[in-house]
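A.B. asks: Quick paste from TrEMBL:
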type: DOMAIN; residues: 1-149; note: domain 'Cep192-like'
type: DOMAIN; residues: 152-250; note: domain 'Cep192-like'
type: DOMAIN; residues: 269-386; note: domain 'Cep192/Spd-2-like'
type: DOMAIN; residues: 392-567; note: domain 'Cep192-like'
type: DOMAIN; residues: 633-734; note: domain 'Cep192-like'
type: DOMAIN; residues: 773-895; note: domain 'Cep192-like'
type: DOMAIN; residues: 940-997; note: domain 'Cep192-like'
Amino acid sequence: VKTDKKDVLDFGDLTYGGWKALPLKLINRTHATVPIRLIINADAIAWRCFMFSKEPICASVKAAPCADVVTQLAATSVVSHLMPASYDGQDPEFLIIWVLFHSPKKQTSFSEILDSAEEFLARVDIEVDSPNPTPVLRSVGLRARAGVARIHAPRDLQTMHLLASVDSLTKQHLPLKNAGNIAVYLDIKVPEQGSHFSVDPETLFLKPGEEREVIVSFIPKDLKVCEERILKIFVQPFGPQYEVVLKGEVIVSPGSKPLPPGSCCSDIPSILSNKQFLAWGGVPLGRTQLQKLALRNNSTSATQHLRLLIRGQDQDCFQLQSTFGVEERLTSNCEIRIGPKEDIIISVLFAPTRLSCMLAKLEIKQLGNRSQPGIKFTIPLSGYGGTSNLILEGVKKLSDSYMVTVNGLIPGKESKIVFSVRNTGSRAAFVTAVGFKDSQKKVLLDPKVLRIFPDKFVLKERTQEDITLIYNPSDRESCYKTGTELSTIYFFGGDEISRQQYRRALLHKPGIIKQILPEHSVLQSMNFAETFQDERLVTEVYDLPQRPNDVQLFYGNMRKIILSVIGEFRDSISSREFLQPSSKASLESKSESETSGKHSGNVSLDVLPVKCPQDSLLSQAVHPPQEKSVTEEIWTVQPEHLILVAPSPCDVAKTGRFQIVNNSVSLLKFELYWPAHCLTVTPQHGFIAPESKLQILVSPNSSLSTKQSMFPWSGLIYIHCDKGQKKIVKVQIREDLTQEELLTRLASSSCGILPSASEPSISHLVKPITKPPSTKVEIRNKTVTFPVTEPGKTSESWLELENQGTTAVKWHLSSLAPPYVKGVDESGDIFRATYSAFRCSPISGILESHRMQRVSITFLPRDRGDYAQFWDAECHPLKEPHMKHTLRFQLSGRSVKAENESEGACVSMATLAKIDNLVKPRRQAVSAASALIPGQLDLTHRGVYAPEDMYRFLPTRVGESRTLKVNLRNNSYITHVLKFLSPREPFYVKHSKYSLR
């Protein structure tokens, strides 16, 4: 294993949102072919930032932003490769794996005090790719730092004035200080050619807190030279960029004054703005969009008193946003004060209320200036209300793209697909369709292979256009018998009014596109200014004035829709012999795609394979043919369902297994695809001998032990064989003792005490070879039963822990699930207690060798019923916290009301939550939930709700505080993420986000 530094890949300092790739070279010097597997091991935060890629990082990708790089590269956290053997006299075989680090995005304000840079540490483990546990061959450390790049310069030098006579040199020093928390490389230059300004040095390296000077020189060549340039200071490689204004004037002779302002330079106004206009483009009706501009007081001594006012024909659609304390107010005018050489940020909000173009202006008037009364400046405001919105119909909708499947392709024969593009917005849209053979490398598809009709058109609001794809596969492509991605089609679209402004801007500046778009962009070769089909049918009025950024607005507001075309080739013999009439897909029909789109909706990450064209596997595996063909019996999978137990932090993950049975007389090649972020599957691919079977091991990833809110999880393992058949194995991961099993056993018990059967019976669950526990701690009474207790009163019992070993043990108690209650009323329903019905004291401690610990457990019922709850005792040697094992015990008790109390008292919904459909899975299909008969569910308690509408605090002294707990309940079968909005003072909420299972 070869790296730049010994056993470590150091990515250095990067800004938040940046990325960097380093190579990792593996050399096989042995005479054996070795299957290897590379795994990234890190904590939850760093694990998301490092990934592998077998593809080299080309120059075009290096210039792209982080989000584009991650999508373009086939990046993953696990890589397997078969390294060929080396032979004497030849150079050894090697493999280069690129390790990519992309730092997370983080927003920081300029006034925020920075901490030290955030460090990310991880490790690459290289091991033999084997189904059995193998030692790590080599480990390579990964190290990176992410922080904020911030450059400071003196405020009075952010505009530099230099005076010089003709052909003479004048210099001025510009100090630059690294006020960020990471080291930076600066690129400093005056970009315009023919400038009389120069800067030295043009590159600079600054450590955090370091300050160095650059020299700005001015050499005028002409007597009338009066030059103004921008000095750009760019932080490599992803920014930010800073600008310093350079102004140079010529002195006629030594000792004389510069030329009068009217001859070369105008008077510098006392108020400066960083923007000459504000243009929004399109904003949907009912939505708002904010833009900001900066005002600077250029005076060195006077404080400026300004009045800001929005005026014009559409002034009601533009507002000023001001901040007073913690509140934000919207006004049409305000007054501000700016001290000498100070800047202030002005926020202008655009909120269109009608389908039209809107114009206004921001007036900035100086107040209190008696010598020059009425001096004001104006900044034009423009935008239009309403936008277009494009969707595809007749194809399958995925999470962030679309997919269409073509079955039964024959080389040399055309196949036709018909679907539609619909504009659901309130304005006309333009659409341009482009087909790619390789979307990542931006390789266009030959028009002889794929034709799109129409490929350029304008679509009026709330209308649709049928699109026809004609695909003519070549003989070379027919080798793909299984589902493969034929092409990727990009639909570029936006508002037609924006395209007309774009067309108008190109008439004045034809070459501006090359200045705006990067060289590798596919938009460089696309002509959006030509005539589009049906563009004359649009009668929208656009009377917006021309702005210098019309082209930037056009590309910035353009949207892209991705359609993956998935196909499967067949020859004439296989189609005649094996395909049943019911399984032949009619390429003219859209019924299959429409049905699958309604059923699947947005596909989650859990059902996407780890590699290969995702959409082909998904469409073919999820929708198997209704009638089995003869070829399906060539090989089988046993079983077709696996139930795995979620891993815990203190135990190894339990492994499940299934078998692939080869019933044929020939060698069977197979390959597996699965959700790699949740499952580990070995082997991934291989061969199965004739009339034999192979066992596949499946286990949940250990990282899931910290993600309890995602259970129960369901996913699919896809199996592809060279016989042209695909099968799936459904996998479910659920908690060690799930709510359903506990409730089922609770319901089957007469008094609420769970039976003593120790482990739940889970089909197809195979436990690994059990290793001896790390401690010799035992629980004497694994079932603790409490005496009958009245509601509101307490009873006590004991749990006895005994350490029979020779070393001290650290132990900790924790509940596995909420207490469940049966027999609350006559209905026989089971409830979940929303409070702690059982309390342990102490909750943790150290147990010396050959000693016994008694833990006091208190039963505190608030309602009648039979209570049951499982708890875990986590133990590990005192000096070896990584060697953990868990002991489980059960608590149960009964609560009965006194004889003089009424038995018909209602159940307190503040302390108990009813469990409906106790033996059904927690996550059900939406169709099943919507099919319930009205009246079966209390509509007020469906989904997430609060049992109380108002909470009242007790009287509180001034300066003191009180705390109330608000109960929120999730009565649905899915996990909801709640966002808490901060109330007004003097009330505060500690939580901002919470995942409610």
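Yeah, the Cβs are placed from backbone N, Cα and C, and that goes for glycine too.
TrEMBL labels come from automatic prediction, so no person has curated them.
On this model, are these features tucked inside or out on the surface, and what's nearby?
C.D. replies: Helix, strand and coil counts from DSSP across the domain 'Cep192-like' (1-149) read 15 helix, 73 strand, 61 coil.
Each residue in the domain 'Cep192-like' (152-250) gets a DSSP state, and the totals come to 3 helix, 59 strand, 37 coil.
Along the domain 'Cep192/Spd-2-like' (269-386), the predicted structure has mean pLDDT 84.
The residues of the domain 'Cep192-like' (633-734), classed with DSSP into helix (H, G, I), strand (E, B) and coil, number 9 helix, 58 strand, 35 coil.
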A.B. asks: So, taking each listed stretch (392-567, 633-734, 773-895, 940-997) in turn and counting its Cβ pairs to the domain 'Cep192-like' (1-149) that are under 8 angstroms, which one gives the highest count?
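C.D. replies: Answer is 633-734, with the largest number of Cβ pairs below 8 Å.
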A.B. asks: Write out how many residues of the domain 'Cep192-like' (940-997) are helix, how many strand and how many coil, based on DSSP.
C.D. replies: 2 helix, 12 strand, 44 coil
